[in-house]
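Report on the structure given below.
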Amino acid sequence: MLFDQIARNKRKTWLLLLVFFLLLGLVGYGVGNLWLGSGFGGLILALVIGFIYVVTMIFQSTNVVMAMNGAREVDEQTAPNLYHVVEDMAMVAQIPMPRVFIVDDPSMNAFATGSSPKNAAVAATTGLLAVMNREELEGVIGHEVSHIRNYDIRISTIAVALASAITMLAGMARNMMLWGGGRRRNDDDRDGSSGLEIVFLILSLIAIILAPLAATLVQLAISRQREFLADASSVELTRNPQGMINALLKLDNSAPMQHHVDDASAALFINDPKKESGLQKLFYTHPPISERVERLKQM
């Protein structure tokens, strides 16, 4: 089952790349048509920006994500309890020892990042370390180590990179609309516009407006099942389902994180870091804690 999931995650990586780059291309086409005088030129520019974001995140994902979340690296001397739990879980999972970080925040949360098990990292908040006992902490870290072992972190890294690129490009386009409007075409340009070009332009304008939401929905589509699998994989590592259940119940009562969490990286956390309510719940990248607990009870 595990190796099948790893293979599926690798296939999802390519599908994720395709969906995000298609969305980037639409946004770029709209930007090019409206402001650069060439839809194709804008499309190429957007794809180049997306490629740069992905390459940067693949090689610098740990440093970038940790900096985004204000995490500091620790070792066996400065955080022995966390370090030893990560070390134990990595040994059981048969992966290289990840780098270990702490986020100074009173809420309870944790996440993993990196592009492969060889350059992965795990982070936990000070609030998590203060509240969780050893068994619960093992459950949480086992969950994050499972993301590393199952290659979920590669999907997450690419998702963060491309979602950030889409949000940045769409934000720039919307600001240009507000401040300057589109490039004015002369009558000859309008008369020569093909029906297909107009269709692409309309789709691009829609993409510019809805791109950040679409990026979130793509992350949502790939995130929820990964969380269920990581919960189950954590129990496989710890042989202690009750420890994972107790940890999830505590996470359910945690307050939102106090420091700002970028929308693109929110899906990395074991627990929703924003604790939003109302209609925003529809766009959670995490399944409900109650559902995760119920699945563990059925194991």
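Cβ atoms are placed via backbone N, Cα and C, with glycine included.
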Task: Per Swiss-Prot, HIS143, HIS147 bind Zn(2+); matching candidate in GLU227, GLU291, GLU294 - done: GLU227
- [ ] With H, G and I counted as helix, E and B as strand and the rest as coil, say where DSSP puts HIS147 (Zn(2+) binding site).
- [x] helix
Task: Residue numbers, six or more beyond the limits of the transmembrane segment (39-59), whose CB comes under 8 Å of its CB atoms - done: 17, 20-21, 24-25, 27-33, 115, 157-158, 160-162, 164-166, 168-169, 197, 200-201, 204
- [ ] Give the sequence-ordered set of same-chain residues, not counting HIS143, HIS147, GLU227, with Cβ within 8 Å of the centre of the Cβ atoms defining the Zn(2+) site.
- [x] ALA112, GLU144, SER146, ASP152, ARG226, LEU229, ALA230, ASP231, SER233, SER234, ILE270
Open item on the list: Give the nonlocal contacts of the transmembrane segment (198-218) in its own chain as ranges (CB under 8 Å, at least six residues past its ends).
Closed with: 16, 19-20, 23, 26-31, 33-34, 39, 159, 162-163, 166-167, 169-171, 173-174, 177, 263-264, 283, 285
TODO: Taking the Cβ of GLU144 (active site) as the reference point, list residues of the same chain whose Cβ is under 8 angstroms away and which are at least six residues distant in sequence.
DONE: ALA110, PHE111, ALA112, VAL122, ALA230, ILE270
Task: Cβ atoms near HIS143 (Zn(2+) binding site) (within 10 Å, other residues, all chains) - done: 29
